């Protein structure tokens with residue numbers, strides 16, 4: 001990577017966790033991802049979740065149809081795990097190159113997760129098949145028991161679900177997605193080579209005070225929820241150390257303005273327009289720009305066993321203001337950092 005004071009040039013990055021939705025929303029948000037990233041791991045939690053090969057093929061085509069001419073972008077599809085999922089269907093999708101990975105949502109942990117897994121035991125035959133195939137398991141790592149405080153869900157998940165699972169299936173490749181706590185950072189750091197993590201820009205930039213002090217900021221509300229600053233710092237320390245099993249996963253999760261700014265607002269930050277520059281700002285603040293390219297462009301392919309992208313992306317130190325709104329059919333989207341000035345932006 002070359003890093004003059006005003007320009008950062010890196011291999012074209014990938015986004016290892018993104019929500020592209022469907023319909024008009026998909027058509028609106030896809031270009032923000034396809035313009036910058038070579039590949040993206042696409043989450044399967046649509047209103048009708050992606051649980052079959054045919055559904056994944058059809059969804060992939062809808063995504064590709066929304067990619068503007070001139071964008072070189074490959075969506076990597078995932079299978080939504082359910083208690084009743086057919087392991088043979090999953091294996092077929094993996095062998096045919098349709099499914100890159102499978103996603104474990106604990107039931108009711110986040111948006112459109114009501115079809116999710118009620119217990120790991122219920123899907124153990126599927127997980128055993130994945131271990132045998134070398135197929136990565138992507139995990140939303142939170143318990144959803146009513147008696148567990150929302151700020152403790154991730155740490156409790158490690159103790160009660162993640163560690164027993166990994167003890168039982170020691171060769172299973174696992175991505176602990178969008179980690180938010182010092183517990184998770186330490187757990188991944190101490191783990192074996194088949195355990196990795198994605199980290200979002202919002203969890204590196206902000207903590208729960210930013211969301212709650214001086215008024216509630218609904219566009220910082222996501223799941224897992226922002227934690228206290230000691231957890232934010234642990235995530236920053238992890239990426240600044242050059243740890244190679246942590247990589248870029250924006251968890252960009254768009255919702256229309258009226259679904260965010262309401263008495264019961266949805267969780268998710270639409271950060272695709274500004275995520276790469278946000279990561280750059282964090283790495284710069286941490287004096288860790290030497291590790292920026294690896295986090296964005298190298299660590300993910302290494303874990304997934306995929307080639308590094310051949311193209312390049314340049315970020316320039318050019319202060320720009322993030323728009324307040326992005327038009328969406330009969331509504332609008334409020335992007336992450338709306339109205340704020342950012343230091344780094346992708347050169348067009």
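Including glycine, each Cβ sits where the backbone N, Cα and C put it.
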Recorded Zn(2+) 2 site member, picked from 103, 132, that accompanies 140, 178 in Swiss-Prot: 103
Same substrate site per Swiss-Prot - residue from 255, 258, 291 joining 19, 20, 21, 45, 140, 223, 267: 255
17, 19, 103 bind Zn(2+) 1 per Swiss-Prot; candidate in 210, 237, 251, 318 listed for that same site: 251
Spatial neighbour of residue 17 (Zn(2+) 1 binding site) that is closest, considering only the binding-site residues 45, 140, 178, 223 and their CA atoms: 178
Largest tally of Cβ atoms lying within 10 Å of a Cβ, found at which of the binding-site residues 223, 267: 223
C-beta crowding around residue 255 (substrate binding site), within 10 angstroms: 26
Binding-site residues near residue 45 (substrate binding site), in sequence order, restricted to 19, 103, 178 and a 10 Å Cα cut-off: 19, 103
Candidate nearest residue 251 (Zn(2+) 1 binding site) in space, where candidates are the binding-site residues 21, 140, 178, 223 and distance is Cα-Cα: 178
